[in-house]
Amino acid sequence: MAKFSHSKLNLFFLLLLISLLTTAAAPAGRRHPLDPLSSDEIELIRSLVINSIRNLSTTDVTFQYVALTDPNKQYVLSWLSNPKTSPPPRRATAIVRYNSSTHEILIDLDKKAIISNRVYSGPAYSMFTLSELLDAVALPQSHPPFVAAMNKRRLKVKDVICACYSVGWFGEKMKQRRMVKLQCYYSNGSVNLYMRPVEGVTVTVDLDQMKIIGFRDRYEAPVPKADGTEYRPSMLKPPFLPPLNGVKMVQPEGPSFKVNDHTISWSNWELHVGFDKRAGPIISLASIYDLEKQKRRQVMYKGFISELFVPYMDLTEEWYYRTFFDVGEYGLGQYAASLEPLRDCPENAVFMDTYIAAGDGRPMKMANTFCIFERHAGDIMWRHTERAIPNRIIKETRAEVSLVVRMVATVANYDYVLDWEFKQSGSIIATVGLTGLLGVKASKYTHRDQIEEEVYGTLIAENTIGVNHDHFFTYYLDLDVDGGSNSFVKSNLRTVRPPNTDNPRKSYWTVVSETAKTEADARIKFGRQEAELVVVNPNRRTRMGNPVGYRLIPKSTAGPLLSVDDYPQIRAAFTNYNVWVTPYNSSEKWASGLYTDQSRGNDTLATWTLRNREIENKDIVMWYTLGVHHAPCQEDFPLMPTLSTGFELRPTNFFESNPVLKVTPPRPLNRSVCAH
C-alpha cells in the first residue's frame, strides 16, 4: 500500500478542491456563454443599433425581440470540458422594426460591433412589445365612436379597460398591416375586469402608425355584474374556510444548493438557468453525478417551452380570430410575474432577477423572475417493509427531496406556473399549472335552460359564458444522453398469445422495440398504441448490455381537435403529433417559426420535418406537446384553482442500479431550532 506524506496529502486535497470548483460556472470576470443578456449588454445593443440608423429619417424604432444568440453547441461543450479556455464568441440578435420594415440585426458583444443587418420580407411579424400594447389600449378613450358606444351602454368610459389580441391569419393572400384587435372590459365595481366583458364592440389598431383603423359596434349584451367576481381577501365576505396551522420551513445551515450566477449545483445535479423574453425559463447543461462511475454524465443540453397555442372555439365575429400563440406573439418571459416570497414560493426559496429589452431597447429589470427551492413535500422516494423473514421485520424508507426552479408568466387573463423539478433519482419533471381568469363572453342568458343555440362554452355565472378552448405547450428537449449521438426508440407493448397452447394463460404482453431512422418514423400520436418512448445512446451500454437512455412519461395525451385545414391549425401544425424528433439545428428553436404574428404555417416544426432527415445515432432534439382541453365549469369562476399537468424524463438503463439506494437523508434539526 502506498504511503503519502502530509504535504503530498494536502496537495492532493487542494487539487481535488480545485477540480470540484471547476464546474460549468464561468471563471471570475467572464460570463458563462449561456447566461442571459445583462443590463449592460442590452444597453450596448441599443446604442449600437440606434447609432447605426441615426442617419436614417426615422425616429420610430421598436425593439421587438432582443436575445442571446445561441453559441455554437460544440464550442460550448468544449469550453465546458475545459473552462480555462476562451468561451465561445458572445453574440446577440435584435429584431428591430423601423421605417415599416423588420430588421434582423446580429451583434458581436465582445467586439461591440454590428455583424449584419438583414431585412425580413416575409408575411409575418415578430412579437408584440409591452409598450406598444399599452399605447394601443389607450387609443379608444379618445375615439368618438367608442365613447358613444360606451355611453349607449351607460358605462363610464374611464372605467373601461381594453386588451390587445392578435388577429391571426385566415387565408389572406396579401400581407396585412401589423395590427391588433381590442376587446374591452368594465372595471367599475371589481378589479376582476376579465369577468365583465363589453361584448359586441371591436376596435382595430395599426401598431406601426399607432392609430385606430377599424371600429365595429355590432350588438349589445348585458355586462356581467360585479357581485361575486372579487378575489382579494379584503373584498370577500364571510363565511370563510377555517385557517390551517402554519408550517415553517427551516434550514439553519442554508439551502443545500449553490447558485453561481446562473449555474446551480444541488446534490448530484448541476444545471444552468437561462432566460429569454420569448421562452421564459431555459434549462441548459443539466448533468448528473453518477456515484458508481464517479463521474458527471450529460442528460439535457437545453429545454424550454418553444410555443404555447391557445385557440378558442367561439366562431362569432368578435371571437373567431382568438387563436393565440403566447410564446411567439406575446412572450412568456416578457410577461414573467415578480414572484412573492411565502406566497408564490416557500420560505426556503432563493430568488433570481433578470433583464429584458423594453420596446425602446432599454434594459428593463424583471425582479424575482425565478425562485429556486428544495421541495420537502412529504413524498416517499422509496421504501419497503419485509415480513417474510422469520422473527424479523425490516423497514426502510427514504424521504423525497427535490430541487425546483419556478417562473410564473401572467399573459393577460391566464397565469402559468412553470416548474422544472430535479430528483436525486435522475428524473427531470416539467410541470405547468394553469390558473388565473377564464376568457369569458357576455351573454343574455342567466340559466342553462334558456339556451337554445350554440354558445361555444358553459354558462358559469349569470350572463357569463366560459368559452371552450385549448392549451398546447410544445417543449423543446435537446437531450444529450451520455453524449451527443442519440437515437429515438419506440418500445411498443404488444399483446401476444402463448406459443404453447397447453399454457393455462391465454395472453401476455411483450416489448417490441423500433429505432426511428428518420423524422417520419418518430412522429407519435398518443392513444394509437401503448408504447414507451426512449432517447438512448446506442454507443453507451450498461454492464448488462442495455443502451443507456431517458424515457418520456407524459401526463397529458390530448391532441388537437381542429381540422387540419382550419387556418389556426395550419399555423399550429406542430401540435398535430404529440412527439416529433429532429436532428439538431441551431436555427430550429421556435415550433411556430421565428415570426409568429400573422404567420401562415410555412416555417414551423411540421414543415421542417418534411425533409425527413436521418435521426439515428445523431445529435437529436425531441419535441413534446402536452395539451389541455378546457371546457369551463362553475368552479373556474371567478378565478380558477390551479390545474396542473406535465411530463417526466426518467432514466432508463442509464444507471447500473438504483441511483438513490445510498442517498443520505437530510440532517435532523436539533430541538432548539425546531422550537423557534
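Each residue, glycine too, has its Cβ placed from N, Cα and C.
Sequence annotations record features per position, and here TrEMBL assigns active site, proton acceptor to ASP326. Taking a C-beta cut-off of under 8 Å and a sequence gap of six or more, ASP326 (active site, proton acceptor) has these contacts in its own chain: GLU307, LEU308, PHE309, VAL310, LEU332, ALA409, VAL411.
Positions annotated as active site, schiff-base intermediate with substrate by TrEMBL: TYR414. Sequence-distant neighbours of TYR414 (active site, schiff-base intermediate with substrate) (same chain, six or more apart, CB under 8 Å from its CB) are VAL310, LEU434, THR435, GLY436, LEU437, listed in sequence order.
Sorting the domain 'Copper amine oxidase N2-terminal' (32-119) by DSSP state (H, G, I as helix; E, B as strand; all else coil) yields 23 helix, 30 strand, 35 coil. Taken from TrEMBL, the feature domain 'Copper amine oxidase N2-terminal' applies to 32-119.
The domain 'Copper amine oxidase N3-terminal' annotation in TrEMBL covers 127-219. Taken together, the residues of the domain 'Copper amine oxidase N3-terminal' (127-219) have an average pLDDT of 97.
Residues or ranges marked as domain 'Copper amine oxidase catalytic' by TrEMBL: 248-661.
As annotated by TrEMBL, 2',4',5'-topaquinone applies to TYR414.
According to TrEMBL, the feature signal peptide maps to 1-25.
Summarised by DSSP class, the composition of the domain 'Copper amine oxidase N3-terminal' (127-219) is 28 helix, 32 strand, 33 coil.
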